[in-house]
Every structure is written in structure tokens, then in C-alpha cells.
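Chemist: Before anything else, here's the structure in question.
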Amino acid sequence: MSVDSFTSRLAVVMTAVVLVWWAQALPVPSPRRGESDCDAACRKFLLQYGYLDLGEENCTEVDSNRKLCSVDDELVGVPRPLARVDLAAGVSHLQTMAGLEPTGRIDASTARLFTSPRCGVPDVSKYIVAAGRRRRTRRESVIVCTTRWTTTKSNSNETLVKWWLDQSSMQWLNSTLNWVSLTNVLHHSFWKWSKESMLAFQQVSLERDAQIVVRFENGSHGDGWDFDGPGNVLAHAFQPGQSLGGDIHLDAAEPWTIYDIDGHDGNSILHVVLHEIGHALGLEHSRDPTSIMYAWYTPFKYDLGPEDVSAVAGLYGAKPASSVAAWNPKIQKFYWDRHVRNDLLPLLERDLDAEEEDSDEVR
């Protein structure tokens with residue numbers, strides 16, 4: 001090979017290397033309006049959770065709160081009303097809601113949102129039974145609806161909310177949880193909301209006396225918001241109102257456990273119920289990952305965050321520390337002794353200590 005030929009080839013190679021380096025150094029261009037790498041699964045997700053409206057030509061109205069839209073020959077239930085937005089804007093909005101950088105493009109973190117376990121309540125739009133305007137809390141993370149429960153206890157200024165657990169629905173459970181353990185999970189979760197607000201909760205023995213009905217459901221169960229089996233949608237709830245208002249539905253097909261200590265024990269029903277009660281009280285999803293109202297399931301989270309406390313207190317009023325109701329320690333001790341693994345007891349002892357301190361303050 002001649003020197004000139006070698007020199008020419010070397011120049012070509014060096015030029016190619018420089019061009020590759022230059023291309024890699026260039027910033028990734030932002031998507032133009034309406035442009036996105038959003039595939040069918042992405043579009044279905046954006047529709048289902050309120051980030052995108054395909055337009056009336058692709059949808060059939062079911063009622064004033066819901067319509068069915070066709071996505072690649074599959075019908076998807078979509079909340080109404082929705083803003084008409086393009087795909088890139090919808091993806092950016094989703095990323096903002098999940099606490100990610102709003103690039104409008106589908107990266108690995110964004111793609112995981114489509115399959116990660118989460119609440120079935122839409123992130124955008126007025127949800128089903130809810131009526132009235134929405135407002136954000138001071139730090140603009142948790143959305144609070146003006147729809148709320150208004151029944152007041154006769155001997156205090158607390159708002160009394162009655163709840164009922166459908167024991168018969170537990171026959172479909174894919175779990176070892178029983179009625180005693182679940183009842184105590186519910187008592188414990190309602191207590192956490194009541195100690196931060198002027199709310200009082202009472203379990204009742206008849207469904208007709210309850211504002212909040214808690215039950216397990218499978219697949220299509222008559223409310224238009226179907227469950228999808230294990231994974232993805234874990235539960236949904238309806239905001240305060242008549243008929244289904246305030247009701248909490250849990251997917252019976254999920255591998256429910258009480259505490260999910262390592263992210264592999266199953267889905268923590270304590271975490272999910274605490275989240276869904278927030279919806280039943282009038283709160284919507286938060287973009288703050290530390291909030292119990294964050295839409296995606298987060299192991300190890302069993303308490304309200306600062307945003308949650310501010311939101312529920314803003315809706316129902318803050319409860320003075322001296323009037324916080326204490327948990328019944330006998331019921332709770334029995335519950336934990338029988339239904340919690342030994343390696344989870346430290347978490348529960350922390351909660352017990354907090355509740356006993358509240359009890360001492362009341363006395």
C-alpha cells in the first residue's frame with residue numbers, strides 16, 4: 001500500500017471518528033409539538049390516566065364521567081372531561097406527575113411507569129363521582145377537591161365518616177389475610193388520617209349506614225373501571241358523593257400482605273388502603289414521591305407525608321394534639337401477634353409507641 005493511499009484511508013477514519021464524537025456531543029433535540037416515541041402501550045396508559053384525548057371520532061361516550069376509546073383495536077376506559085393534548089405534551093405531563101424530568105420522550109424510567117403497580121384513579125381530570133372545583137395545596141403537590149364529607153358529630157366539630165367492610169368479598173382473595181387482620185388494617189389506616197384532621201371514623205355493621213364501603217373485586221365489576229389481575233392496577237376509590245362516592249375497591253387477584261418489607265413480599269395492603277382512604281376523603285394524586293398520595297406503589301411507606309397532612313387538614317381542619325383519639329391496644333396487640341412476621345414487629349412497635357403517646361396525651 002502506498003503512503004498516499006494509507007494517508008487517505010487514515011484521514012477518512014479520523015474524519016469518521018470526529019463526526020461520531022461530534023454527533024454524540026450534540027444535545028438531544030426536544031420533540032416538536034405532537035411528536036413523540038409513544039407506542040401503543042404508552043398511548044393506552046396516557047388515555048387511561050387522563051393525559052391524552054384521542055378525540056370524539058375515536059371514542060364512544062358511556063356517561064358524563066367516562067367514555068370508551070379505541071387504541072389499536074382495543075377499547076380503553078377513559079375519564080372525562082379531558083384536555084386535548086399532543087403525545088409529547090402528554091408524556092411530559094406524566095413525567096412531571098411522576099417526579100421525572102419532563103422531556104416528552106420515553107426513556108427507561110418513563111417506560112417503567114407503564115407497568116409498575118399503581119392506583120387506578122386517573123391522575124388528570126375530575127374523577128367519577130367528584131363534583132366541584134379542584135385546588136392545590138400551598139406547595140402545589142397534592143390536589144384537593146372541594147368535594148368532602150360534611151356530617152358533623154353532635155358532641156364535637158369533627159366530621160364523622162362511617163365505613164363498612166364487605167366480608168363476603170374476601171372469598172376471592174389471593175392472600176392469607178383474614179377478616180380480623182383486614183379489619184384492623186382499616187382501623188389503623190383510618191386512625192392515621194383522623195389524628196391529622198378533624199375527622200372521626202366509625203365502623204358500622206350494615207352497608208346502608210356507611211359512606212365508605214370497602215370491598216375486593218375481580219376484573220369487570222360493574223363500575224366501569226375494570227381490574228387487570230395481578231400487577232399494574234392495585235385498587236381505586238371514589239371521591240365523596242352519593243352512590244359509589246367514597247367506596248374503595250381492591251383487586252382481589254393481587255398477592256396482598258400487610259407489610260412489604262423488601263419489595264418482594266407481595267403488595268402491602270396497609271400502604272394501599274392508606275392511599276385509597278385519601279381519595280375517599282377528597283384528595284387526588286401527588287407528584288411528590290414521599291407522599292402517600294403518590295400514584296405509584298412504593299414499598300416501605302406506611303405513614304402520611306407532610307403534603308398529605310397539610311392537604312387533609314386543609315380540607316377538614318387540623319386536629320388539636322390534645323384531642324387525638326387513641327387506638328385500642330388490645331385489638332392491635334392481638335392483630336400483630338397473630339398476623340405479622342417477627343421481622344416486621346419493629347415497624348409495628350414504632351406505631352404502637354406513637355399511638356400510646358397519643359393515648360397518654362388524651363388522658
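The backbone N, Cα and C atoms fix where each Cβ goes, glycine too.
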Chemist: From the ranges 77-84, 117-124, 181-188, pick the one that Swiss-Prot records as motif 'Cysteine switch'.
Modeler: 117-124
Chemist: What are the DSSP helix, strand and coil residue counts for the motif 'Cysteine switch' (117-124)?
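Modeler: Breakdown, helix to coil: 0 helix, 2 strand, 6 coil.
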Chemist: Only counting partners 6 or more residues apart, tell me which same-chain residues put their Cβ under 8 Å from the Cβ of Cys119 (Zn(2+) binding site).
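Modeler: The answer is Val233, Leu234, Ala235, His236, Ala237, Val272, His275, Glu276, His279, His285, Ala295, Trp296, Tyr297.
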Chemist: Ranked by the number of other Cβ atoms within 10 Å of their own Cβ, which of the binding-site residues His275, His279, His285 ranks first?
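Modeler: Ranked by Cβ atoms within 10 Å, first place goes to His275.
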